[in-house]
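As written in Swiss-Prot, here are the features:
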type     : residues                                                       : note
ACT_SITE : Asp85                                                          : active site, proton donor
BINDING  : Ser50                                                          : D-glyceraldehyde 3-phosphate binding site
BINDING  : His86, His181, His209                                          : Zn(2+) 1 binding site
BINDING  : Asp107, Glu137                                                 : Zn(2+) 2 binding site
BINDING  : Gly182, Gly210, Gly211, Thr212, Asn231, Val232, Asn233, Thr234 : dihydroxyacetone phosphate binding site
MOD_RES  : Thr212                                                         : phosphothreonine
MOD_RES  : Thr234                                                         : phosphothreonine
Amino acid sequence: MPLVSMTEMLNTAKEKGYAVGQFNLNNLEFTQAILQAAEEEKSPVILGVSEGAGRYMGGFKTVVAMVKALMEEYKVTVPVAIHLDHGSSFESCAKAIHAGFTSVMIDASHHPFEENVATTAKVVELAHFHGVSVEAELGTVGGQEDDVIAEGVIYADPKECQELVERTGIDCLAPALGSVHGPYKGEPNLGFKEMEEIGKSTGLPLVLHGGTGIPTADIKKSISLGTAKINVNTENQISSAKAVRETLAAKPDEYDPRKYLGPAREAIKETVIGKMREFGSSNQA
């Protein structure tokens with residue numbers, strides 16, 4: 001199946017009451033594990049690529065070529081989107097679009113509102129011309145992700161969310177409502193009241209960033225309030241690192257990367273399968 005944008009995927013998920021996971025790519029093994037999990041679970045999937053991970057893997061074009069080749073090799077039949085995670089500028093989004101990404105996130109949430117609207121609208125115009133979906137963010141998701149550091153959480157303003165959607169034509173919205181990137185210190189405190197209000201007023205599928213460590217009950221509640229995309233990266237990184245440590249602790253003389261990265265790949269796959277089942281996306285493709 002060819003790569004697709006997120007639009008239909010997320011609208012269907014919102015309608016049917018489940019969420020599609022965005023799982024971030026960090027290297028070959030992450031890409032293999034996530035695609036294998038999606039095909040086995042018969043789940044649609046979004047492959048997230050941050051600017052930093054894109055650079056690490058040799059550029060956006062390299063990532064697209066790798067994903068397409070693996071999809072062919074694994075005979076992938078489920079819908080797959082390649083999505084730029086936290087695109088920092090119009091230029092970065094344009095680069096991803098021209099490299100073959102099927103979806104982009106423009107994150108101008110740290111700029112004043114009017115500037116966020118102007119930048120986002122410009123990205124939407126280019127993206128939609130190429131059949132690419134667009135995600136935008138309002139408020140501030142806490143924690144750190146690659147080049148993006150946000151200390152505290154600034155909740156999104158429901159009225160601004162509605163205005164951003166109306167003035168830009170984005171396909172999905174990531175309102176910051178208490179989630180953070182990276183491991184949580186204590187229990188996450190999600191703003192469900194705001195989530196419900198934003199979901200109703202915009203009518204768009206909502207996106208939950210920082211999906212690692214959010215209790216299942218909160219995940220289910222978020223989905224019931226219109227969240228159709230949940231981002232996961234830290235959990236896969238932790239499980240893969242744990243597998244590498246365990247392998248090397250048991251065999252300190254091991255030097256063949258396949259012998260320690262193989263178990264890491266399996267650990268990622270298991271984690272992703274668990275998330276797909278939790279989000280309700282298994283058997284939806």
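Positions of Cβ are set from backbone N, Cα and C atoms, glycine also.
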Those recorded positions of Asp85, His86, Val232, Asn233 having Cα within 10 angstroms of Asp107 (Zn(2+) 2 binding site): Asp85, His86
Neighbour count (Cβ, 10 Å) for Asn233 (dihydroxyacetone phosphate binding site): 25
Length of the line joining the Cα atoms of Glu137 (Zn(2+) 2 binding site) and Asp85 (active site, proton donor), in Å: 11
Nearest-integer angstrom distance between the alpha carbons (Cα) of Ser50 (D-glyceraldehyde 3-phosphate binding site) and Asn231 (dihydroxyacetone phosphate binding site): 12
DSSP three-state assignment for Asp85 (active site, proton donor): strand
Rounded inter-Cα distance in Å - Thr234 (dihydroxyacetone phosphate binding site), the residue listed as 'active site, proton donor': 14
Spatial separation of Asn231 (dihydroxyacetone phosphate binding site) from His209 (Zn(2+) 1 binding site) - C-alpha basis, Å: 5
Distance from the residue listed as 'active site, proton donor' back to Gly210 (dihydroxyacetone phosphate binding site), taken between C-alpha atoms, in Å: 12
Alpha-carbon spacing, Asn231 (dihydroxyacetone phosphate binding site) to His86 (Zn(2+) 1 binding site), which is rounded to whole Å: 11
